[in-house]
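J.: Just dropping this structure here.
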Amino acid sequence: MPELPEVETTLRGLSPHLVGQRIHGVILRRPDLRWPIPEQIERLLPGATITNVRRRAKYLLIDTDAGGSVLLHLGMSGSLRVLPGDTLPRAHDHVDISLQSGRLLRFNDPRRFGCLLWQSGTQAHDLLAALGPEPLSDAFTGDYLHALAQGRRAAVKTFLMDQAVVVGVGNIYAAESLHRAGISPLREAGKVSLERYRRLADAVKDILAYAIQRGGTTLRDFISPDGAPGYFEQELFVYGREGEACKQCGRVLKHATIGQRATVWCGSCQR
């Protein structure tokens with residue numbers, strides 16, 4: 001599933017092509033994605049102008065002057081591309097939004113776990129209402145994590161991936177951040193010290209910022225708007241490396257399922 005760096009990469013690739021563009025039309029080839037596409041998409045978007053494109057957690061919001069925003073989530077396999085207007089649709093090309101420039105924004109989603117919804121006015125959609133702080137913001141600190149973790153018995157990896165704690169940190173970047181901070185993903189969240197949470201917050205910020213710089217992680221289905229691969233996958237220390245040697249100490253990496261997610265870590269470097 002695309003995580004925060006992949007969504008941020010998508011945002012940065014799309015924005016120059018979308019902001020200020022008038023929408024000519026909308027084609028819905030498959031309106032039943034994770035949730036049905038609401039009728040406002042077809043009714044309100046034609047004739048509207050895109051005023052901004054932004055990100056909240058793993059969601060993209062395309063703001064318009066039509067009294068609301070398109071709320072997008074890429075799901076497990078979704079991608080957004082800006083293409084010439086005469087580009088023929090392929091399998092799983094579910095939505096086209098045609099633009100004044102003669103180009104179109106196309107949403108492709110083979111597994112249909114993504115969504116295309118409508119957020120009215122300035123009121124946050126229900127999907128955004130209970131989200132935690134952005135990990136690259138000043139609100140996300142080790143002190144914040146430590147205070148929130150008190151009394152929690154869940155594994156620290158599960159705690160870090162809780163979107164009510166901090167948004168956008170999925171399986172890849174949680175595993176990599178815990179490795180850099182030297183914290184076992186199995187340790188109870190409430191038993192991690194303040195000093196170690198400060199290291200963890202710093203690791204999350206550094207790794208996410210670097211992954212964005214590298215264009216995200218190309219794993220399975222993720223495609224950036226220009227079709228270019230992300231290069232962070234080449235620098236992964238633990239994620240997806242079960243049974244391989246730790247790049248720091250050389251010992252064989254361990255594997256377990258934590259919170260129904262595959263987890264790889266180094267039993268020597270992470271305590």
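Glycine is no exception: its Cβ is also placed from the backbone N, Cα and C atoms.
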J.: Need one residue: from H92, H125, the one Swiss-Prot lists with R111, R152 for DNA.
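T.: DNA site check in Swiss-Prot: besides R111, R152, the record includes H92 out of H92, H125.
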J.: Suppose you had to name the range Swiss-Prot annotates as zinc finger; which of 202-236, 237-271 would you pick?
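T.: Of the candidate stretches, Swiss-Prot labels 237-271 as zinc finger.
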J.: Going by a 10 angstroms cut-off between Cβ atoms, which of the recorded positions K58, R111 has the sparsest surroundings?
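T.: Minimum Cβ neighbour count within 10 Å, taken over the recorded positions K58, R111, occurs at R111.
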J.: Please find which two of H92, R111, R152 have the most distant C-alpha atoms, given that the record lists them as binding DNA, and give only that distance in angstrom, rounded to a whole number.
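T.: If we measure all Cα pairs in H92, R111, R152, the largest is 42 Å.
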J.: Counting distance between Cα atoms, which of the active-site residues P2, E3, K58, R261 is nearest R152 (DNA binding site)?
T.: R261
J.: Between C-alpha atoms, which of these active-site residues comes nearest to H92 (DNA binding site): P2, E3, K58, R261?
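T.: Smallest Cα separation from H92 (DNA binding site) among P2, E3, K58, R261: P2.
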J.: Translate the DSSP assignment of K58 (active site, proton donor) into the three-state scheme.
T.: coil
J.: Work through the active-site residues one by one (P2, E3, K58, R261) and name whichever has its CA nearest to the CA of R111 (DNA binding site).
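T.: Nearest by Cα distance to R111 (DNA binding site): P2.
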